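Encoded as C-alpha cells, the structure appears first; notes follow it.
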Amino acid sequence: MDVIFGRNKKEQLEPVRAQVTGRIPSWLQGTLLRNGPGMHTVGETRYNHWFDGLALLHSFTIRDGEVYYRSKYLRSDTYNANTKANRIVVSEFGTMAHPDPCKNMFSKAFSYLSHTIPDFTDNCLINIMKCGEDFYATTETNYIRKINPQTLETLEKVDYRNYVAVNLATSHPHYDAAGNVLNMGTSIMDKGKTKYVIFKIPATVPEDAKGKNPLKHTEVFGSITSRSLLSPSYYHSFGVTENYIVFLEQPFKLDVLKMSTAYIRGVNWASCLAFHREDQTYIHIIDQRTGKPVPTQFYTDPVVVFHHVNAYEEDGCLVFDVIAYEDGSLYQLFHLANLNQDFEENSRLTSVPTLRRFAVPLDVDKNAEVGSNVVKLASTTARALKEKDDRVYCQPELLYEGLELPRINYAHNGKPYRYVFAAEVHWSPIPTKILKYDVLTKSSLKWGQEHCWPAEPLFVPMPGAKDEDDGIILSAIVSTDPQKLPFLLVLDAKSFTELARATIDAEVHLDLHGLFIPDADGDAREQAPSQEQPDRVPDCQVAPRT
C-alpha cells in the first residue's frame with residue numbers, strides 16, 4: 001500500500017494525452033477536477049496522517065473522445081513555507097509542527113503563545129467548490145484557495161472570517177437551483193457562545209452592489225447554539241431539502257481547551273477529538289424560510305457521520321440518508337503508520353459504514369401516545385417514537401452495509417431520488433469497488449478489478465436525460481500492481497458496464513473529492529493541445545451543469 005499512500009507524487013505540469021480504449025460518449029465534453037493529498041514527506045520530516053498530506057490538484061480534460069491529464073500541487077502558504085524550510089513547519093490536524101530547535105528561547109516561547117488560539121492551515125486538500133464563476137480548493141478550516149481550473153494555478157487565499165464568523169467550515173457545500181452556495185461552519189466562543197452557523201454565498205451579485213466578489217455578499221440565515229460551549233460537534237457535511245437544513249450534532253466532539261494547549265503539550269489537534277459513546281446524536285431541522293429550528297427535539301443513538309447522501313420532504317416528513325459509523329475509529333485507520341506492508345492487519349474497520357435512512361415528522365401530533373411511532377410513511381421502515389417533553393427518538397432503516405464516498409445525480413439533491421453511486425468498502429476503509437445502489441428495489445450493481453483502487457465515483461448526466469441514471473460515472477483508478485498504469489474509468493451509469501478507460505502514463509494519486517466542469521462552465525479546449533479533430537463542440541454535446 002506504500003505505492004498509494006506513502007510516496008510523494010510528481011506533478012504533471014503539462015497535459016499528457018491518455019491512451020483511450022473503448023469509446024467515450026461524444027456528448028461528454030469538460031473537465032473532471034479533483035483534489036486530495038499528494039505529498040507526505042518534506043525533507044526528513046513526515047506527516048503522521050494521510051489526511052495531512054499537501055494538496056495535489058489534478059484534472060482529466062475530456063475532449064472529442066480524448067482525455068488529457070495534468071496535476072499540480074496547490075501553492076498554499078503551507079506548501080510554500082514547508083518547501084522553503086525543507087521540513088514540515090505548519091501544523092496539520094494529525095501532525096503538530098514545532099519550532100526549529102536552533103531558535104532561541106524567546107522565539108520558542110512566542111511560537112507556543114501564538115498556537116494557543118491556532119491559526120489553521122490553508123492546505124486545502126479535500127474538495128473543490130464552485131462560487132459564482134470562480135473555483136476554490138477547500139478544506140475544513142477557515143481558509144479556501146481560489147484556483148484556475150484550466151491551469152491548476154493557485155490564486156488568492158480567502159479567509160471565511162472576513163465574511164462570516166466561523167473558525168471551521170465544511171468542504172461539502174450545497175448548491176441551490178440558482179447556483180447559490182449553502183454551507184455550514186462552527187463559530188467557537190464568539191460573544192460567549194459556540195454556534196453552528198448556516199450561510200449562503202450568492203451565485204451572482206447585483207449590478208448596483210458594491211464589490212463584485214460574491215463572498216462579500218455572504219449572508220448568515222440561521223444558526224444553532226452548540227450544546228457545549230467548549231466541546232462542539234465535529235461534522236463533515238449536512239443535508240438540505242427545498243425548505244430545510246438537516247444537521248446532526250453528533251457525539252464526536254472537539255475539546256477546545258485541549259486544542260488550545262495542544263501545541264504546548266506537544267500533541268496534535270486530532271488527539272483533541274473524541275467519540276462520547278454515552279451521549280446521543282441530536283437531529284436539528286432548520287427552516288430555510290425563517291432560519292429557525294423546528295421546535296421538537298429529535299435524537300438518535302450515538303453515531304459518527306461524515307457524509308450525508310440526500311434528503312427530501314415526503315407527506316409531512318423529512319427523510320434523509322447518511323453513511324453512519326458506530327464509533328469514531330475511521331480517522332485512526334488512516335495514520336500512515338497503518339498504511340504499510342501490514343495494511344490488512346492494521347486497517348480493519350471496527351465499525352462498517354452503513355447507509356441509514358431516517359424519517360423525521362415536521363409536525364408531531366401532540367395528542368399521539370407516548371411510545372407511538374409518529375412516522376406513517378409506507379416508503380420506509382424508519383421510525384420516530386414519541387417520548388415525554390416533546391422529545392422524539394428516531395430509529396433508522398438500515399439500507400446497505402459497506403459503502404462510502406456517496407454521490408447522486410445532483411439534479412435530485414433535496415428531492416426524492418433512487419440511486420446512490422458510491423465506493424464499496426468492507427474490511428478496510430479503502431474502496432475496492434464502485435457501487436450503484438437502488439434505494440427503491442434495494443438492489444445493487446458493482447464494478448471492480450483486482451489490484452484496482454477507485455476514487456469517489458462522480459455522476460454526469462447526459463443531455464436530455466429522462467431517467468435519473470441516464471448518464472455516465474467517472475472515477476480515477478490507481479493500482480497496486482506496478483505493471484498496471486492508472487486510468488480514468490468511464491461507466492454507463494444505467495447498466496454499470498465499462499464504456500471506456502483512459503490509461504495515463506503519469507503518476508496519479510488517490511484523491512478525495514471533486515467536481516465535473518462542463519465546457520459551458522470552463523472550456524476544456526484551453527487545457528488540451530490541439531488535435532486533428534475539428535476544434536468544435538456541437539450544441540448537443542454540452543453536458544448540463546451538475
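Cβ coordinates come from backbone N, Cα and C, glycine included.
All annotation found in TrEMBL is predicted automatically rather than curated by experts.
The shown structure was predicted, so the numbers you read here are calculated from the model rather than taken from an experiment.
For reference, TrEMBL has these:
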BINDING   HIS172, HIS236, HIS307, HIS513  Fe cation binding site
REGION    521-546  region 'Disordered'
> Under 8 Å Cβ-Cβ from HIS236 (Fe cation binding site), six or more apart in the same chain: what's there?
Replying inline: GLU140, THR170, SER171, HIS172, VAL305, PHE306, HIS307
>> With every protein chain in view, what's the tally of Cβ atoms within 10 Å of the Cβ of HIS513 (Fe cation binding site), excluding that atom itself?
In response: 21
> Looking only at Cβ atoms, how many others are within 10 Å of the one on HIS307 (Fe cation binding site)?
Replying inline: 21
>> Test of understanding: give the count of other CB atoms lying within 10 angstroms of the CB of HIS172 (Fe cation binding site).
In response: 21
> From the centroid of the CB atoms of HIS172, HIS236, HIS307, HIS513, the recorded Fe cation site, which same-chain residues not already listed sit within 8 A by their CB, in sequence order?
Replying inline: ILE126, ASN127, THR170, SER171, SER237, PHE306, HIS308
